[in-house]
Amino acid sequence: MPHVITQSCCNDASCVFACPVNCIHPTPDEPGFATSEMLYIDPVACVDCGACVTACPVSAIAPNTRLDFEQLPFVEINASYYPKRPAGVKLAPTSKLAPVTPAAEVRVRRQPLTVAVVGSGPAAMYAADELLVQQGVQVNVFEKLPTPYGLVRSGVAPDHQNTKRVTRLFDRIAGHRRFRFYLNVEIGKHLGHAELLAHHHAVLYAVGAPDDRRLTIDGMGLPGTGTATELVAWLNGHPDFNDLPVDLSHERVVIIGNGNVALDVARVLAADPHELAATDIADHALSALRNSAVREVVVAARRGPAHSAFTLPELIGLTAGADVVLDPGDHQRVLDDLAIVADPLTRNKLEILSTLGDGSAPARRVGRPRIRLAYRLTPRRVLGQRRAGGVQFSVTGTDELRQLDAGLVLTSIGYRGKPIPDLPFDEQAALVPNDGGRVIDPGTGEPVPGAYVAGWIKRGPTGFIGTNKSCSMQTVQALVADFNDGRLTDPVATPTALDQLVQARQPQAIGCAGWRAIDAAEIARGSADGRVRNKFTDVAEMLAAATSAPKEPLRRRVLARLRDLGQPIVLTVPL
């Protein structure tokens with residue numbers, strides 16, 4: 001009964017290190033790890049111990065006998081990653097474990113290491129976790145929104161609740177006694193980089209890539225145009241996108257680009273609102289989908305089927321739950337690519353695409369929109385005068401023009417980082433120049449003292465949620481090495497002074513207790529309607545919920561004050 005990794009794999013590799021026989025690959029030290037779409041369990045080497053199940057933060061692993069029908073393709077996907085061996089042959093258990101990168105060891109100094117982390121998404125939380133392994137390290141996480149966890153909260157599709165379970169791990173990290181949240185505090189507005197450095201040894205920026213790459217064709221910007229990432233944020237109740245004008249009163253939506261985000265949007269637009277009602281989808285989005293007139297979602301790509309940007313797990317998830325079709329011309333392109341492509345992963349995608357119909361057969365899901373995957377279409381302009389009415393494409397590599405009428409046109413062509421005040425920025429690469437996480441002055445090539453980056457702002461928008469774990473670990477290793485070598489300046493202000501500064505600049509800052517109050521209130525609201533949670537989508541509502549949080553215990557406040565004063569802390573234990 002070997003175990004199987006399924007669609008929601010986040011690539012954080014906790015399962016790799018939990019496995020006693022090293023049967024999960026690629027491991028973080030292997031070349032393919034950074035670009036792998038998921039991790040894979042070797043069914044021949046697996047000893048069925050289940051250690052990986054409890055280690056996985058997103059519940060992506062199960063015995064092969066407990067898979068849902070839609071998950072069955074992952075049995076072969078896991079197995080096909082490994083060489084073919086005779087059926088029934090079981091490998092002997094091995095004592096060779098995946099190599100573990102040791103945690104960065106912080107040397108004791110007069111002042112314990114104190115780090116500010118800007119951002120609260122996966123890269124930020126994994127960095128905090130790595131730092132808190134060491135005794136005495138204090139981590140303060142700053143987030144401009146009243147709620148943490150970045151794209152896990154606002155960028156993962158509502159119907160991917162397993163993926164969102166990684167927030168349980170993040171909540172455990174945030175519960176550490178040397179961890180503090182400063183939510184609803186924007187760096188660059190309420191506090192500056194220099195002020196953070198005055199209160200910390202180092203500042204680690206894990207702010208992601210918050211902007212979209214824009215498609216510069218005529219008509220983009222008309223009402224009825226937007227980006228897929230904006231729509232996902234709207235679906236998830238991000239307060240900055242509450243009022244996003246999403247017009248679903250027309251029969252067709254066109255999405256330009258065919259990565260995973262494009263598939264997420266197509267899948268949700270075609271989903272049954274009754275099924276979505278059990279998720280954490282925002283109320284305004286659920287209402288709009290219930291009244292949607294959309295009958296078709298077209299996902300258009302410039303290149304051919306062999307160059308599809310979506311991952312194999314996402315394609316499997318899409319075709320398992322929606323009516324997905326290809327035009328006859330695109331079906332022939334799939335067959336042509338199958339005849340020449342050798343890469344196993346690409347062939348797996350093409351084989352699934354080759355099974356899709358052309359839409360002439362009766363719909364599998366009566367009354368639901370169908371999804372059409374279209375290839376070799378290069379967008380030329382958005383049609384319409386006062387609002388979008390469709391898209392004009394050319395067939396890639398030719399002068400042939402094609403037109404698709406649509407009432408909503410979305411682009412999904414990638415994310416882009418944006419400049420951070422007081423730090424250098426590479427406009428072309430859209431990231432902060434760095435060497436292994438150390439921010440580098442591009443003029444001199446020298447490190448910027450006390451400044452570090454992790455996640456997408458460090459490496460660009462690549463990888464998956466768990467990819468940020470190894471990325472953040474590398475940055476923390478560099479930061480700790482600099483601290484140990486005396487290259488980081490001790491903070492000149494006390495923790496209490498930081499609290500006072502934050503309170504003066506942003507009286508509505510929210511701490512860990514406030515976040516727990518918001519979280520509990522959302523879960524309670526959802527529970528009343530049989531939902532995972534019912535999110536607050538307005539900042540004022542979040543702030544009101546946060547005020548119900550209990551005050552920090554007097555004992556903890558006294559201990560914090562004694563630490564500020566440098567007084568010894570003596571605990572009396574009754575005999």
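Backbone N, Cα and C define each Cβ position, glycine as well.
Per Swiss-Prot, domain '4Fe-4S ferredoxin-type 1' is recorded for 2-29, and the stated evidence type is sequence analysis. The [4Fe-4S] cluster 1 binding site annotation in Swiss-Prot covers CYS9, CYS15, CYS19, and the record cites similarity to another entry as its basis. Taken from Swiss-Prot, the feature domain '4Fe-4S ferredoxin-type 2' applies to 37-66, supported by sequence analysis. Residues or ranges marked as [4Fe-4S] cluster 2 binding site in Swiss-Prot (evidence: sequence analysis): CYS46, CYS49, CYS52, CYS56. Look at Swiss-Prot and you will find 115-575 tagged as region 'Ferredoxin--NADP reductase'. Among the features that Swiss-Prot reports, FAD binding site is placed at ALA123, GLU143, LEU151, ILE187, TRP456, GLY463, PHE464, ILE465. Swiss-Prot lists ARG213, ASN258, GLY259, ASN260, VAL261, ARG302, ARG303, GLU314, GLY463 with the feature NADP(+) binding site.
Location within the structure of each feature annotated in Swiss-Prot.
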| residue | record | DSSP class |
| --- | --- | --- |
| CYS15 | [4Fe-4S] cluster 1 binding site | helix |
| ALA123 | FAD binding site | helix |
| GLU143 | FAD binding site | strand |
| LEU151 | FAD binding site | helix |
| ILE187 | FAD binding site | strand |
| ARG213 | NADP(+) binding site | coil |
| GLY259 | NADP(+) binding site | coil |
| TRP456 | FAD binding site | helix |
| ILE465 | FAD binding site | coil |
If you draw a 10 Å sphere on the Cβ of CYS46 ([4Fe-4S] cluster 2 binding site), how many other Cβ atoms land inside?
24
On a count of neighbouring CB atoms within 10 A, which of the binding-site residues TRP456, PHE464 is highest?
TRP456
Between the binding-site residues CYS19, GLU143, GLY463, which lies closest to ARG303 (NADP(+) binding site), Cα to Cα?
GLY463
DSSP says what for the domain '4Fe-4S ferredoxin-type 2' (37-66): how many helix, strand, coil residues?
8 helix, 5 strand, 17 coil
Taking a Cβ cut-off under 8 Å, which residues six or more beyond the ends of the domain '4Fe-4S ferredoxin-type 1' (2-29) line up next to it in the same chain?
36, 38-64, 67, 71, 74-75, 78, 81-82, 93-94, 96-101, 126, 160, 162-163, 166, 313-314, 316-317, 463-470
If you measure from the CA of PHE464 (FAD binding site) out to 10 Å, which binding-site residues from the list CYS9, CYS46, CYS49, CYS56, ARG213, VAL261 are inside that radius?
CYS9
Give me the CA-CA distance between GLY463 (FAD binding site) and CYS15 ([4Fe-4S] cluster 1 binding site), in Å, as a whole number.
17
Who sits close to CYS9 ([4Fe-4S] cluster 1 binding site): which same-chain residues at least 6 apart have their Cβ under 8 Å from its Cβ?
MET38, LEU39, VAL58, ALA60, PRO313, PHE464, GLY466
Can you tell me how far the Cα of CYS52 ([4Fe-4S] cluster 2 binding site) sits from the Cα of ARG213 (NADP(+) binding site), in Å?
37
Using DSSP, would you call CYS9 ([4Fe-4S] cluster 1 binding site) helix, strand or coil?
coil
Cα separation, CYS46 ([4Fe-4S] cluster 2 binding site) to ALA123 (FAD binding site) (Å, whole number):
30
What is the set of residues, excluding CYS46, CYS49, CYS52, CYS56, whose C-beta falls within 8 angstroms of the centroid of the C-beta atoms at the [4Fe-4S] cluster 2 site?
HIS3, CYS15, ALA18, CYS19, CYS23, ILE24, ILE41, ASP48, GLY50, ALA51, VAL53, ALA55, ILE61
Of the binding-site residues CYS56, ILE187, ILE465, which one sits closest to ARG213 (NADP(+) binding site) when you measure Cα to Cα?
ILE465
Which binding-site residues from the set CYS46, CYS49, CYS56, ILE465 come within 10 angstroms of CYS15 ([4Fe-4S] cluster 1 binding site), judged by C-alpha positions?
CYS56
